[in-house]
């Protein structure tokens with residue numbers, strides 16, 4: 001696009017855009033790069049560049065600008081290192097600055113990664129920020145950014161500078177004695193000055209021998225001699241010697257640092273290039289923010305669809321945004337109408353925004369605006385204010401048009417201002433039509449302006465061609481600068497004359513002098529203008545309604561999300577509270593069981609039903625915890641019924657049926673289960689129908705304890721269960737069997753790996769309610785089952 005750019009950059013004022021871009025860059029190399037930024041015709045390259053601008057804009061919005069400060073171009077220093085030359089302090093200080101900035105930006109990038117901010121389009125630059133630690137450490141110890149060598153560069157330099165400071169103090173003390181004591185009468189002024197790096201006194205000429213020493217200089221009149229007193233001569237000599245040693249040590253340090261830097265030329269260059277590129281891209285994002293620009297949506301279909309596009313160089317408070325289209329339902333747009341209405345600015349806006357996008361810059365248009373990537377952009381744009389053009393201007397205009405016609409292709413954009421102007425109107429109009437017909441055959445995208453009325457019908461007679469015009473406010477007698485696509489320019493001469501007070505009869509006569517065809521065209525344009533305005537107003541109203549609906553939907557969704565989050569938080573809090581309560585109750589139940597077991601081991605008499613009752617309470621707590629975990633609280637609440645004395649109920653913690661015999665409290669009852677009376681809460685019982693408790697039992701057994709069970713079975717099958725699950729079920733089963741009065745039960749555990757079988761045997765061995773146990777006979781399962789006798 002070099003040829004295209006060299007011709008249109010000045011006309012479209014693209015150079016003013018990149019000057020603004022350069023001003024927003026921080027480093028000198030990035031500023032220079034910005035001034036060289038040219039649009040690209042490679043779609044992939046443009047998209048990549050736009051992506052980078054988007055990433056930096058997002059970073060600027062979320063985290064702020066990158067920590068980059070100005071540094072000088074390191075390439076001259078690297079060239080010197082390449083030929084083994086030594087660098088001075090300023091050059092090494094600049095390299096140290098580059099490495100320090102690389103470290104800072106690297107940390108900045110790490111923070112972006114932690115915040116999960118996308119940096120993929122600039123990843124290669126971030127990866128190049130690799131600082132050689134040994135070089136950085138040495139430079140940090142030895143040199144300042146401005147090139148000053150630090151005291152810490154070497155122990156020798158530190159000692160030398162200490163000695164220099166101490167010796168200088170001694171010199172000043174001696175000299176101060178001269179200018180404040182009895183010797184002041186011999187001095188022209190009571191000051192200490194320096195000549196040739198040595199401290200001297202301004203002595204009157206006639207007293208030059210009073211101080212001894214050496215005369216270093218004299219005043220212009222010869223009345224004052226600058227004398228180095230004999231008393232400080234030795235100190236000054238020592239000072240000069242120390243300073244010479246300091247210079248020598250600094251020289252040695254710079255040589256050492258240069259040699260170390262020479263080993264990392266590639267790394268230094270990579271860091272500098274990465275910082276330059278990141279600064280350059282950051283400038284793009286800053287320009288977008290400054291202009292309130294948005295990311296263009298690129299397409300490969302040569303479609304332009306700009307919404308509320310505004311010229312980026314016109315005051316935002318004054319510029320009028322316009323919708324501009326090409327390549328949708330038409331490829332050629334003719335903007336007709338009088339001069340000074342904004343036709344040229346519209347062309348320039350289209351061309352400049354297209355150039356900006358192809359340079360990877362954001363555009364001054366509404367979000368979602370579409371642009372494409374053209375191979376070339378041809379433009380012939382003159383001065384909008386020039387109504388009459390000279391023959392030489394017409395020749396220049398035609399010369400440009402001919403070049404465009406000879407080179408344009410379907411992949412190009414053509415912008416022509418006042419096509420065919422500068423010659424006889426009739427010939428100019430005919431020439432414009434012929435040129436347009438020729439250009440349209442190339443299938444390029446074309447936008448032209450003209451004030452020839454003959455072209456008004458062109459858009460209606462040619463395929464994929466449309467008219468457009470700049471709106472004019474008849475009440476204010478001023479252009480509105482709004483583009484009206486689909487409507488040709490309307491002549492407003494009669495309306496303006498009437499508004500200004502011209503005799504109505506004169507205006508009417510002028511209308512009568514117009515031929516019927518022209519009159520009909522103007523009436524048609526007037527109707528189209530009114531219809532378009534009405535349609536646009538309706539569209540704007542509908543758009544506002546849609547935007548409000550989208551906003552409301554977003555607010556409602558946010559509210560719903562917040563509500564769901566609050567509900568979830570409350571559920572989690574309730575779960576935590578319930579877990580704490582259940583853990584507390586579990587400890588209480590375990591303490592009861594442990595106390596009972598302790599009493600038994602101590603020889604006390606503990607009733608079996610007390611132990612079982614305590615275990616039942618523990619089982620109840622475990623089941624409540626499971627219900628909470630599975631979120632089945634509401635299901636249990638639905639099943640619960642109001643109960644009262646005399647109701648037949650099922651006690652959930654025991655899995656047994658009984659009858660409520662007494663109400664102990666608001667939520668507490670006494671239930672008779674066989675001969676056993678237990679205390680329960682209303683949450684632990686379910687009311688059952690009277691007939692349910694009188695069903696024929698699966699197995700009815702009366703024990704010596706007199707307890708009858710309608711639910712207990714003489715067998716328990718543990719096959720297929722996990723180890724812990726099997727032992728838990730075994731414990732509960734034996735409790736229920738004891739309550740049911742069963743004397744003998746069979747535990748089916750299978751053979752398998754023997755884990756459950758061994759676990760069962762170990763459990764039975766410890767349980768004091770087990771009288772004896774043995775494997776079942778061969779015909780009843782053998783070692784796959786155990787017969788247990790209870791006591």
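Quick reminder: no glycine exception, Cβ is built from N, Cα and C everywhere.
Reduced to three states, the DSSP call for residue 342 (ATP binding site) is coil. Proximity of residue 342 (ATP binding site) to non-local residues of its own chain (separation of 6 or more, Cβ distance below 8 Å) is seen for 320, 470, 479, 481, 482, 483, given in sequence order. Marked as ATP binding site by Swiss-Prot: 337, 338, 339, 340, 341, 342, 343, 344.
Positions annotated as region 'Disordered' by Swiss-Prot: 689-715.
Feature annotation from Swiss-Prot assigns compositional bias 'Low complexity' to 703-713.
For 716-791, the entry in Swiss-Prot reads domain 'Smr', with the evidence type sequence analysis. Residue counts for the domain 'Smr' (716-791) by DSSP state, with H, G and I taken as helix and E and B as strand, are 36 helix, 19 strand, 21 coil.
Regional average pLDDT for the domain 'Smr' (716-791) in the model is 85.
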